[in-house]
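Inspection log for the structure reproduced underneath, given as structure tokens.
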Amino acid sequence: MSSLADQLKVIKEKTASVVLDRKARSKIHSRSLIFDPKVASTQDYDYLYQLGLEGLDELSEIDSRFSKFRHTLFSETSVSMDRNVQTKDVISQLDKNIDAFLTLAGPFYSLAPTVKAVEWLVRRFHINMHNGEMLLLTSLPHYNQSVFVKILNVIPKNSFPKIFDWVVGYKDLLKNPPSSSILKAFHNDFEFFKLYAMFLVEQLKNGTVYQEQLSFFLSTTVQLLASLSKSLDTLNENHLPVVLEVVGFLLLPSKYETLRNIDVDTRLTAYSIIAVLASIIPISTELIRSFTESILQDPRSLEPNSVRQTLIVLSQLWRFYQGDFSDREAIVKCFANLAPSKLIKVEHLVKDLVADNYKFQKFLTFYFFATFPNPESYKIFQLVDLGKSELYFSEIAKQIVENSTATDKCRSVVIHICEELLKSNSELFIKALATQEMNIDALEMKLMTTLGSNSSVRDSDDVEFDAGEEDNNDEETEEVAVQFATAANLDSIKSSSKSFFTSSSDSEFSKLTLDLISLLRNVTVKVQKSLLLKFTTSVFSSIETGISFLIRIAFTPSIPLSIRLTAIRCTKWKLKEASTSSSSPLDLYLLIPIFLLGVYDETRVVRAGFVQLLRFIKETTTSIHANKKKVKSVLFMEDVIYDTTEASKRAIISPNDALFFTELLLKEDVLEDVIIDRSRLVPKFGQLILKTFVINQWSLNFFPVVFKWRAWNIVALENKNGTEDRFFFTDSDLSEYFTKRSNWIQQANDAKIAFFEEVEGAIVGLVGGNSTNEAKTATEVDWIIQSLNSQFSNLQIAVNSRLLEIFNNFSTVENRIKIVNKLIDLLNNDEPIESDPMDTLQTLKLDQDLFISVLGNVQIGGQIPEQGPAKRRRRSSSSTKQAMAREDINNMASTHLKKLTIILDLLETNLRNGTETIASPNLLQALFKILTDLDYLGNDGNLPVLYAQEALASCMILSIVKMKNSDETFKFDSNSIRADLIVNSIRSSQSPQVQNRLLLVIAELASLAPEIVLHSVMPIFTFMGAHTVRQDDEFSSSALQQTIAKVIPAVAANGSSSISNEIEFLLTSFVTAFQHIPRHRRVKLFTYLIRTLGSDLSLHVLLFLMGQQYCSSLNKNKMADAQVILEFTSSFLKSFSAIEQLEGISKFAELWDMIPIAELEANSEEYNKLSTRSIFGVSILSLTNSGLSTLRIEMLKYISSVVATENSNFDANTLKTKVAMVLLDSSINDDDEEKKSILGSFRNVAAFLLSSLDTFTNVSRNSEIALSLYDLLANFLNLLPIHYFVDSIFESLDVGKFSDTLSIKVAKNLVILAGAKFESELSSINIDEKIEESVLEKLLPVLLHGIKKNVDIELEQAYLDTFAIIVNKFGASTKTLATPTNSRLLLESLQAITSENCLLSESPETIISSINAITSIVNVLGVKTIGIFPKIVPPSLKIWETTTHSEDEESAKLIQSSIIVLLSCLIKKIPAFMTSSLDSIFITILSSDYVDNSIRTSVLGLVVEHMDSSQVLKSLCNIWCNKKFYENDNTGNIGLYLNTMQSTIDKIDKKSAATQSTVFIKWLIQAFEFRHYSEEADNKFDNNTIHRLESSFHSCGISYVMKLNDKKFRPLFATLVRWAVEGEGSNFSENTEVSRLVAFFKFFNKMQEQLKSIITSYFSYLLDPVASVLTRFSSGQLKDINLRRILLNSLTSSFKYDQDDYWSQQGRFDSICNPLLEQLTNIEEGIGKYLIKSITAFINNVASEEYNETLVHGLIKYISNEKEDNSSSTKIWTIRALKSIFQKMGEQWLTYLPTLIPYIAELLEDDDQAVEMEVRSGLVRVIENVLGEPLDRYLD
């Protein structure tokens, strides 16, 4: 039975939406997901229904399952349905429908239709109150979206599900919870995690789970499991069962069609959780198997979209499997749904995953054992890595032994696996077999095969061939043999073959072999022999056939070794039997070649057996033919061996030769070494004399592969260095190889011979080698070509490898060409081949003749008709185009083009490697022919020839370079090797890469054979200028540079007089394309160009051409392009030395001078002369007079701008710096050639410019050209160091030599230039005697003379400015000007500068320049200028006064600035003499409104720093008080004044401060009245401005007070008090008492904050006035809130800082107590708090029983009803005062509680509710806190 609380909770939930109050109902109705509460509260259900229905319809279009809710939750009847009046069953069904809808809507919460539909459920059915848990569960995956916040917001707190309490805080903040909070909730509340997990399970059951939900659950679960990894007990007990249950449902195949789309996501979620579980907790073997079975039970887990993830999770699971193979049935069961064929289908995926370091081995190992044996087991085994695990090897050995008698298909799998095990770790496998009481031989017998190549297992020194039992078959063995023979029914087995040495007997041999192995598999070796003998006797019709069968058994590797050895023994037995039973002697030596092949067997014991057989033959032959007597014998098995071979082709030796052969073969145990190492047979075989007999038999074409492959290997090894023996096989095996290959592969596979390694490799080894038989060699070449062209990849690879070994052994070029051509054809074909023909070709050593022949075979030009010898200029032929249009010719040309490309690539590789001397004129001639052919193919055939042309050009370059580096002397055919052919190709090609490479060909050809290139120089240069320079890549740039570097020297070396014309033509071509050259490449390109051509021959030409480009841009108004040209020229010139640049400028001037002055006639001599030079051309010669004049002017401007740029930059690469480095280098003598050259260049240019000036001034008058020449001259001379420069210009500045206005302009420009030069270059470091002499003795006198003459205003200004710069620079750097001589000169200058022509002139510019000059002189001479002081300061101040009302603001600003600078200089240099003018100086500085404040501030700082502080302070006070500076309209000026005042006060010493204190107090009083002044002047300044200024006044006042002692300050303070109270000393009679008191107390309050208790006693001066003012406030006589506030704050501060019981003195207490308390009667609301603070501070300060008693009764008076005039406001403020007092005083005032209790009680019953509440909520609570108990019992 539930508790009462649970019952109440249920009732509450059911009635959550039942409210009777209309306001509460409205509040519930206003909760909305979409609308604002105010809007929502007014909406009716009809509107909301339509909105929800609209959302439902849209959702139904997305998912049709939503449509069923149209008849329930969204039916028309739902509009009027009220869940609060429904029955329990109806509500239950309603809740189910709601839950179903919400779970279905889960994926779509972020969509607007879903929000609309859920809005209806919230508003109508109140699901936010009744179904909140489901609403939150379904929306939880959307926790980071805005819809989740909306859902949180609509759920009321009182209806919030308890399990979701963790999210309530985010509901209050209207924020999305972070993922960390959700993880924390899952971690801290297992029930919450379980709830959501079970909810997910229900979703899976119902088919409503979705991707976002799976992602949410996965991320949180993974993090939860990781966080619980250190609390495994909790994890295993609580969370693990829940997680496993969820995983189980996730792995179940879904029955819902709707989940098909996320089936993969569901499965991946389960996989991820499983992987995490496996990594953090130890999983039992049963659980791993269960997981595996569950994963594989769904067929879709192995579909392509899931198989990768399935394999990964299985591998991760089985990594942690700790079981063994004991529970095999369970392991087999868990893998039942993973058929091996399915795994093999994704074999490549498994390998990729293993390569990606996924740990698959354990999973694959157990899976292999679980599915073994199976037809796919071997493929699975290849994926397994058993390592060195004895457990795994033991288990697999057990499985193999148990399944060794399986079906044929599975047995072959077992055989393959056994062979792999022997290869990987034979020792461990044999050891594992031993544990199963099995060995290799026994296993081979069970499997009826030989296990691979087991020579390494069985070939040991203690294993010997045992033939000793041949004659000892006991009766018991015979009896057993008979039994087995009878059981096998041998009589029913008969052979029809005559011989088993032929391939035709293969099928019968295979059948008989199976019967034989079945017969022998379970018997001992002794019984094997007997049975085998019976088998041969019974089955075969003749003894020869039986012996051939036995021999073939012994040769077949797939037959178990024990049977093979038995067959050898039986062979010997049968040979003996044949010898003894024959009536005639039998010669057995025809078997020697076959037995020799047996000696080459891989197994040592087999080799030993065949050696025994050879010995037996030797014994037999010796016994027959040992005597010299001829014995007629029979050749045993001749027909069986040779079959149908003609007798003439049987190379059979005679018996005597046979005897000799056997003795030689077995002499001194020759074959004993072969038993140990079979490879020793090859050299011994090569020494045999009668080996023709042997090889003839080996080469019989009908022999099976089991015999042949050994013969091929022996001869192939012998053929390493070449042998004629190989030709025995040419006509038989090689010629028939391609027809027999498939049959041989089958034979090899049946015999378990590795065909591709052992057979095919040996056959290929028979091909090639040294030989003199050209016919046979040609046959071999054809065979090689056929092999390379075959479809057999292994053969291609083998032949390719062999070809690399033997290629150079082919003596004839024809054979090698055939092979090379075939390789090229293979490359040209589109069919895939295994080997890389190009790699082969590149590896082969190809000589010059071979390349020329191969190139000659590629007749690309021969396909095109009408192609004659290459012409100088080839034009396209229409007939050629028509021919190329034919498809067959076009295809043929394309094929040959591909071949050519291959050959050229190959040639390039060989030329680069340089292994052979390939390069020659003949090769180059062939390449040139191809160059022409490629032009035809590209232009007429439209074939893609670009790559071929690039390759061809590379080959040409390499060939030329190789020949150039060779010591040989080459002769070239000029008819075939022609530069014009290259030029034609360059022009016709559209590829920059091809063009660049061909340019490099020309470059290299020019250095090798310059005579070939000389005739094509012009076209080359034209092309480079038109195309190459425009390319923006490093290759083009490099090609261009190399071409120029090699062609130009070739032209120069030719001795042609036209080199300058060639250079001009080249540069013209390049400069014409200047705008198209990438900007970042221009400088490097032209620098390299000029360096290559020689700066003396080309620099001036380039400058001239660039000048033309500059003029052209100006004429077209392309100013940006003109500026680019200037920037380029400046950067370009930095790469050259000073002398190179100067010579270039000098020669440029000569070219400029050659520009015609007037228009030329067409056929005049000058016209013809200039027209031959490309740098002039028609563009200049066709100009009119005005055009020529403009060209000259703009060319001058161009070069002048370039020189000016050189002057303005100061880096180390400029011309100016380079000139200075030479001329000023003291280590270089004046006679040095470089220095002379530089000065000579300057003289030449200057002389030219001066002569040109004369020409255009006097002869051909042109003022613009003359001015341009002057500018250039000035800029050019500016390149010189200072003293050189001064020497060159000072005469031009002498006004006495001026002849016209042009001279004035020139002088002005030169003097301005000089000033700039001095400004930038003069310093203490570089001023020396030469500079001093030039400037002081030459330049300054000339300037002074010009100033005095005053020829021109602008000239006068320029002279004054330069004069000032010189004086400033010298004055700052040296003391030269301070000498008497120079001082007199400067004073004389000062006289002239202060005259009417300068300082007193009417020109602002002249005035400014004069002031600057005066400033510079004063700065140097200082006090020496005192004599002229009256001519400086008073005029300057008068001039300043004229600027205050000037209309020209710019001039006024400059004049004011210059005057202020002058004054600052005077103040620094002669401060004592400036005292008398201090007032004027201050007014001048402070009132210079046009000058920036920062400048004026610094000058004012100089005044304060350098002048006497007393005088400065006095002056400042004077201009304020007497000259009324406060009337200045600019607050910024007043601010500057106050800053200066502050600085002065800070600097002044205390003694001076005391002296000037009276003056300062007077200033301070007047400053306090500034507010009144402003108000009187119609509120001149706003309130904020006045506040800022008053703050500065107070700061100055306090700073000054700090300088005074108490004795000095008290009378001053009294003066201030009298001014404030009585108005004494006031400057404004209208100033009111309130205004004065406010100003005073503002200042006083700040003083108190600064000085604290030091000035508490000063209140004595204020006590009575303050008490009086307070009384007037309480009585209502005075009303001013601001004053009252300031006054109360003043008292509070005084009370607070009183440390000497100043206010505890009775008289003072009595004076202030009542006036202060009386303020409670009418204190204003806004400042009451200040009164409370003041009273509290007062009581705290004067704390004593007597005073407290007085204060208590004083306060009671204002709360008691006894005083009838106490207003509610008075009571409230008094209550607040008491509250503050109790808070401050605490227990000290509890003694007065009995006195206060009655009044408190009375106040609690006051008629005014506000009073009652103030007491109850304020005072009572404070007292209770202090008292520590309720106040009720005292009140009662």
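Here the Cβ of each residue, glycine as well, is placed from N, Cα and C on the backbone.
For 245-283, the entry in Swiss-Prot reads repeat 'HEAT 1', with the evidence type sequence analysis. What Swiss-Prot records for 453-473, 863-883 is region 'Disordered'. Look at Swiss-Prot and you will find 461-473 tagged as compositional bias 'Acidic residues'. Residues or ranges marked as repeat 'HEAT 2' in Swiss-Prot: 585-623. As annotated by Swiss-Prot, repeat 'HEAT 3' applies to 813-850. What Swiss-Prot lists as transmembrane segment is 998-1018, 1085-1105, and the listing cites sequence analysis. Among the features that Swiss-Prot reports, repeat 'HEAT 4' is placed at 1333-1372, with the record citing sequence analysis. Residues or ranges marked as repeat 'HEAT 5' by Swiss-Prot: 1749-1787. Taken from Swiss-Prot, the feature repeat 'HEAT 6' covers 1790-1828, and the record attributes it to sequence analysis.
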Structural state census, the repeat 'HEAT 6' (1790-1828) (DSSP three-state): 34 helix, 0 strand, 5 coil
I'd like the per-state residue tally for the repeat 'HEAT 5' (1749-1787) from DSSP, helix first, then strand, then coil. 28 helix, 0 strand, 11 coil
What are the DSSP helix/strand/coil residue counts across the repeat 'HEAT 4' (1333-1372)? 37 helix, 0 strand, 3 coil
Sequence-remote partners of the repeat 'HEAT 4' (1333-1372) [C-beta within less than 8 Å, at least six residues beyond its ends]: 1282-1283, 1286-1287, 1290, 1293-1296, 1298, 1304, 1307-1308, 1311-1312, 1314-1315, 1318-1319, 1322-1324, 1327, 1382, 1385-1386, 1388-1389, 1392-1393, 1397-1398, 1403, 1405-1406, 1409-1410, 1412-1413, 1415-1417, 1419-1420
Mean pLDDT across the repeat 'HEAT 4' (1333-1372), rounded to an integer, is what? 76
Cβ-Cβ under 8 Å with the repeat 'HEAT 1' (245-283): same-chain residues at least 6 beyond its ends: 63, 65, 197, 200-201, 204-205, 207, 209-211, 214-215, 217-218, 221-222, 225-226, 229, 232, 235-236, 291, 294-295, 297-301, 305-306, 309-310, 312-313, 316-317, 319-320
With helix taken as DSSP H, G or I, strand as E or B and everything else coil, how many residues of the repeat 'HEAT 2' (585-623) land in each class? 31 helix, 2 strand, 6 coil
Please work out the helix, strand and coil residue numbers for the repeat 'HEAT 1' (245-283) from the DSSP assignment. 28 helix, 0 strand, 11 coil
Residue distribution over DSSP helix, strand and coil in the repeat 'HEAT 3' (813-850): 26 helix, 0 strand, 12 coil
